[in-house]
Each structure stands twice: as C-alpha cells, then as structure tokens.
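*Asks:* Annotations per Swiss-Prot:
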type	residues	note
BINDING	Cys40, His65, Glu66	Zn(2+) 1 binding site
ACT_SITE	Thr42	active site, charge relay system
ACT_SITE	His45	active site, charge relay system
BINDING	Cys95, Cys98, Cys101, Cys109	Zn(2+) 2 binding site
BINDING	Ile177, Asp197, Arg202, Leu264, Gly265, Ile266, Ile288, Tyr289	NAD(+) binding site
Amino acid sequence: MKIKALSKLKPEEGIWLTEVEKPEMGHNDLLIRIKKTAICGTDVHIYNWDEWSQKTIPVPMVVGHEYVGEVVGIGQEVRGFEIGDRVSGEGHITCGHCRNCRGGRTHLCRNTTGVGVNRTGAFSEYLVIPAFNAFKIPAGISDDLASIFDPFGNAVHTALSFDLVGEDVLITGAGPIGIMAAAVAKHVGARHVVITDVNEYRLDLAKKMGVTRAVNVMNEKLEDVMSDLGMTEGFDVGLEMSGNPSAFNSMLTNMNHGGKISLLGIPPSDMTVDWNQVIFKGLVIKGIYGREMFETWYKMASLIQSGLDLTPIITHHYKIDDFQKGFDMMRSGMSGKVILDWE
C-alpha cells in the first residue's frame, strides 16, 4: 500500500511530497497513524542541505521527528498499549545493550539513531517505532501541543537540569526551544528570566510567554538590563540555546560565581571560549542532548497539566499539501512552531 510522505529525494535544497510503501512493524513495534507533525530546525537544515545534512542524511529518506498520532497496529510482543491510544514518541532510538542503556541513562546511549535523521521519519501518513519509544498523551493535552513534545522536551531537559526556584536565569537564543525553556523557568519559580536574540518577532513571542525581559542585543546591553532589574551579582543559571559564540561568551561574562550553564545550542567546532571566566568563577557547564528517557516526558506532561501554557509558541498551521508554505515560514524566522496537518 502506498502512502503520502515528505522525503529528501535528492542531495540538494528542498523536500518533496511523494508516495512510499506503508511501513511494516516488527514484534516489538507500534504502527502509528500520524495526525499532526511539527517542523523542527533540524528539518530546515535537511531542507537547506547544509554541511551537517550532507554528512548525516541518507538519500532518499522520509524525514521528520515531531508528531502525534494514533496507535493502529501493535507488535505481538508489545504490552501496555491499545489500539486507539494517542501517542507521541522519543525520536532517539537507543541500543539497549551499552553501559548507559543498561544503567538507565538511555539518553546517553552512544549508539543512538534518530527518527527522520538516520532512519525513516514521521512526515508520513504512518510511522513505525519501537513501542519502548512511544509515549501516551494524557487526556486534556491537545494534539497541537502533543506534536511539539520533542522540542518541548529539549527545553524541559535544558531548563530543569539545575534548580531554578528563586534564581535569575539568562537564556541566549529565542528560537522556539529557548522561548519554551523561558516559559518553563517562569512556571517553576525562577525570579528574573531574561532572554536574548536579534530577531524582534521571536523576542515579541517570548514576551507573550511571560519572560521578565526580552533583550535585542543589537540595541541593549545585558549589564544595563541587570541594573534595571536590581541584579548586583550576575545570573545564577544560563541556558545556551543559540550556538552563537558571542552569545555564549556574553553569558560567561554575566554569570554569577558558582553559576550553572546548560548548553543545548550547537556552536561551530572551533569556537573560542574565555576559559578564565569558567575557572575563576567556578562555573558548572552541562551538555544537553535530547531528552532524559522518560523522566523528561513525564515532566513535560505534568507541566502542561499544572497550567503551563505553551499555546502562543504555535503560530502557523498548514495542510500537508501546503507543506512548502510551512517550510518557507520556518526558514523566514518569522514564526514560532509550524504544524502540518495530515488528516
């Protein structure tokens, strides 16, 4: 049976709507009928066919890894799921046999493969994943929100790596993940949450999500913002979401002694760092990759159930046949999360 899918068909700029064979599930898998998908920054990299994509993405391949759908098939060894369950899923497929997997630290699996990156993705009418990777969506959480659980998980993992209650938090990079991390920080009790970027559209979006200050670093100095807020010692926690070297070095400059930094943004490999700031301030830096399985997922659901409102981050919806408009919108930088509807 042929189904619709968005695929990387050629080693050049673009994504194409095509037909592929419906995937077949194994004994330990679920077959999921996709309802909605969201476009990730990674999908934009794949669309643009940048240096990372050229090294990483097999062609041809169905892409995409942010989704919500309904279980329509269950492998014979699978327990705990029923036909009709609403699910999203962890996009990192882990090996199960390395030391970290066996020690319960599956997000650190050295043999991880990615849905829509190294194996068939979710931009399709149907997806097969290991049942281990599926996460049931509680009633009361909308399909729209469920479809962005993957990037929301990046935000939650990054933000909740350190205690935020009563702390002053600096977030560099107001992409959708940075903005969601800011909303999480405010929701769990941070005092001042300051986010920086140069994109006014996204800074306005951050204001709608409740940040203390959204700072365009082209027009305003962080030192002046800290002074306005009555901060005399620097930020307690930093969340680096941009991969921008000057943003990271500005963060180091403005951290308090003993401050803690989560790094999610991917910088150039030759980024220059003022390590004296790290050493003499006694800073702690933690690299963040993906989501903790599945502690982050439970936290995500609980945060929404306890009143965290992420709806402003979803700014655009398109039918799957209009996927090109969705990618154009994401590439323009004038959007939050963009949802593609498969129904």
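Backbone N, Cα and C define each Cβ position, glycine as well.
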*Asks:* Pop the Cα-Cα gap between Cys95 (Zn(2+) 2 binding site) and His65 (Zn(2+) 1 binding site) into the table, whole Å please.
*Replies:* 18
*Asks:* According to DSSP, which kind of secondary structure is Cys95 (Zn(2+) 2 binding site) found in, if we only use helix, strand and coil?
*Replies:* coil
*Asks:* Quick check: of the recorded positions listed here (His45, Ile177, Leu264, Ile288), which one has the Cα closest to that of Cys95 (Zn(2+) 2 binding site)?
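*Replies:* The answer is Ile288.
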*Asks:* Report the residues of the chain - excluding Cys95, Cys98, Cys101, Cys109 - with C-beta within 8 Å of the mean position of the site's C-beta atoms, for the recorded Zn(2+) 2 site, in sequence order.
*Replies:* Thr94, Gly96, His97, Arg99, Asn100, Arg102, Thr106, Arg110, Asn111, Thr112
*Asks:* Please tell me which one of the recorded positions listed here (Thr42, Cys101, Cys109) sits closest to Leu264 (NAD(+) binding site), measuring Cα to Cα?
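*Replies:* Closest recorded candidate to Leu264 (NAD(+) binding site) by Cα: Thr42.
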*Asks:* Near the Zn(2+) 1 site, what residues other than Cys40, His65, Glu66 in the same chain have a C-beta no further than 8 Å from the centroid of the listed C-beta atoms?
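*Replies:* Going along the sequence, the neighbours appear as Thr37, Ala38, Ile39, Thr42, Asp43, Gly64, Tyr67, Gly91, Gly116, Ala122, Asp150, Pro151.
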*Asks:* Which residues in the same chain, at least 6 apart in sequence, have a Cβ under 8 Å from the Cβ of Ile266 (NAD(+) binding site)?
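*Replies:* Ile266 (NAD(+) binding site) has long-range Cβ partners Gly243.
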*Asks:* Please state whether DSSP places His65 (Zn(2+) 1 binding site) in a helix, a strand or coil.
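*Replies:* His65 (Zn(2+) 1 binding site) sits in coil per DSSP, no helix or strand.
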*Asks:* Where Arg202 (NAD(+) binding site) and Thr42 (active site, charge relay system) are concerned, what is their Cα separation in Å, rounded?
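*Replies:* Computed Cα spacing between Arg202 (NAD(+) binding site) and Thr42 (active site, charge relay system) is 18 Å.
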*Asks:* What is the total of other Cβ atoms whose distance to the Cβ of Ile288 (NAD(+) binding site) is within 10 Å?
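*Replies:* Cβ-Cβ neighbours of Ile288 (NAD(+) binding site) within 10 Å number 20.
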*Asks:* Of His65, Cys109, Arg202, Tyr289, the binding-site residues given in the record, which has the fewest other CB atoms within 10 A of its CB?
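*Replies:* Fewest other Cβ atoms within 10 Å, among the binding-site residues His65, Cys109, Arg202, Tyr289, is found for Tyr289.
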*Asks:* Going by C-alpha positions, which of the recorded positions (Cys40, Thr42, Glu66, Cys98) is nearest Ile177 (NAD(+) binding site)?
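*Replies:* Checking each of Cys40, Thr42, Glu66, Cys98 against Ile177 (NAD(+) binding site), the shortest Cα distance is to Cys40.
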*Asks:* Could you list the residues of the same chain, at least six apart in sequence, whose Cβ is under 8 A from the Cβ of Cys98 (Zn(2+) 2 binding site)?
*Replies:* Cys109, Arg110, Asn111
*Asks:* Same chain only, sequence gap of 6 or more: which residues have a CB within under 8 Å of the CB of Asp197 (NAD(+) binding site)?
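*Replies:* Those within reach of Asp197 (NAD(+) binding site), by Cβ under 8 Å and sequence separation of 6 or more, are Thr172, Gly173, Ala174, Gly175, Gly178, Leu203, Ala206, Ala214, Val215, Asn216, Val217, Ser242.
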